[in-house]
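Engineer: The structure follows.
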């Protein structure tokens, strides 16, 4: 019962926030707790995806961060980012974004778990949230590069997000130009109004208001919903006015807008009437009912299929398509060429325009409709413009373009910021001096986007005949330029939602791996590659010693480890100094397997067991280690388990020999001082460097030290050869008369 007490209490508190005549419904949504990671790239964040329904009036997140049992941990900060419509764009480590990339960082909240506390529970409220997709991204502070071994005690943190919402089931609808009479009390009055397509203006009017102070009702009108961004709501203070209104220029098309009316007067009842008016100022040309399929295929689909080799899953807008007729009685206020939506793969989308060269004039805007589905918001929105400088006509100065979600800018040459009523847009321009323009938007909103183009003229000339031809390329990809030469594009998933991010290498950082502030030079990369590969040649002395003392199986295993460790590290380099002789996963498996098996056979060999028992342990241990490596290659017990078991076998064998001989084993002090102790010290130094000292910045020499120390310890720890085995394990005469005679005698004696 305690598990559900907090959610039930929270729903009760939310229910008490509203006491008017509307019918309110509650909702509760929860996500599975996820372990947090330190931030180095976007793949380290834990992304939570929620869906906020229509008519939601209050949204409350219950954010719970719990600390796992383990070490005595210090104060820890956890950052949570919020965004509506798409995953949040974040920059915790303050890297530089690629050129021509426009970003707006998401709203964030910092949670703190003090030292000695096990959890932090925080409530975060959003009043009148925007319906649709909401995303939360949580992470720990910047990753300092310390390489932590799995299985060792560490401070771990779990993050869980739970969403409680309150929605109105019967919000009053404002009909166009039809007054609605309401009475306002201490709680805000809520309404909604539908904005049809091609709307250029929305007006909301308050009439016949009367309060305790006469005509001063102290009303405040808010149009729009909260997205935690500036400009998502339009507010009008009507204090001192009996009648007032608020306007939204170019509101979002094909959407419901929330209208909130509240008063600053307490303990009062205020009657008023409210109405809304929608102005449709511009529509594209209508198309006829007969769709000319052959003309459409000939002018749009066929050229693209010839260039790309085939057709993908496509859809097309039906405005101004080739082969259809426009209704000439309608006023012409925009050009709207047909746009083909070509879905090529997950987060791989391009928009094909009916005309390769768009004629952009100064009198009418050219508007491209770019329909984005919710699954496209996890990628990179890319817009490229190219001006044909030989097509300039009239007093041309430049072509300005505005890219906006939900509604287009219809007067591009008069707009300063490319903003619509409730949305911020993005601006591009091309001119005779700069004929190309590029705009990249990470994680674009899931909405219908509009690209509006119009010619801007010189002030001293007549603009009526100014025009130019522009080619536009619009696409969505998972990453920026496929993350370039120093990065790899990863397709990530949270439940059924996919998004892309770049993981960088060789010290490069940023969303496109273009920030080289901490990049490694070529000489640094070459030094790292040489150290990590050539340090494996220190296994040559153990191989020689093993062969000399007759341990041929052990020598073969050491050679296997040296070979695959060398080429694994040659393939594992983060920069351009990379050489892979086979699949990376195969090289990694063989390197990890050879390292652990080398330790296993060395310690078992020190036990001085009989050959059948020794080789049985060699084979059984190798098979078990192979299985463990396939399950988890970086697990601490993959190395610690075989080492402990081998030590138990070795110590048991030594104790048995010592008891049987009534003396310490090994019996010679020189063996302990000159071989065993140096070997143990070398192994301990290597293990300490491997477990406690490795970071991303010093990995290339600390891991090389690990190679040297392990190989050196094998030279000291390998036991001396058996007395009956000659050097190198071979007799001087393969089958001399004496050997054959002795074998015959032995066989005769046995029988």
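The backbone N, Cα and C atoms fix where each Cβ goes, glycine too.
As annotated in TrEMBL:
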- 307-330: compositional bias 'Polar residues' (COMPBIAS)
- 502-513: domain 'EGF-like' (DOMAIN)
- 307-332: region 'Disordered' (REGION)
- 526-548: transmembrane segment (TRANSMEM)
- 555-571: transmembrane segment (TRANSMEM)
- 586-606: transmembrane segment (TRANSMEM)
- 637-656: transmembrane segment (TRANSMEM)
- 668-693: transmembrane segment (TRANSMEM)
Engineer: Residues of the same chain, at least six outside the transmembrane segment (526-548), with any C-beta under 8 angstroms of its C-beta?
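Structural biologist: Distant Cβ neighbours of the transmembrane segment (526-548) are 520, 554-555, 558-559, 561-562, 565-567, 569-570, 572-573, 577, 699-701, 703-705, 707-708, 711-712, 714-715, 718, 721, 727-729.
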Engineer: Which bits of the chain, at least 6 residues beyond where the transmembrane segment (555-571) starts or stops, bring a Cβ under 8 A of a Cβ in it?
Structural biologist: 529, 532-533, 536-537, 539-540, 542-543, 546-547, 578-582, 584, 587-588, 590-591, 594-595, 597-598, 601, 703, 707, 714
Engineer: Let's see if you can do this one: DSSP helix, strand and coil counts over the domain 'EGF-like' (502-513), in that order.
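Structural biologist: Helix, strand and coil residues of the domain 'EGF-like' (502-513) number 0 helix, 4 strand, 8 coil.
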Engineer: Across the domain 'EGF-like' (502-513), what does the mean pLDDT come to, as a whole number?
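Structural biologist: That region's mean pLDDT is 90.
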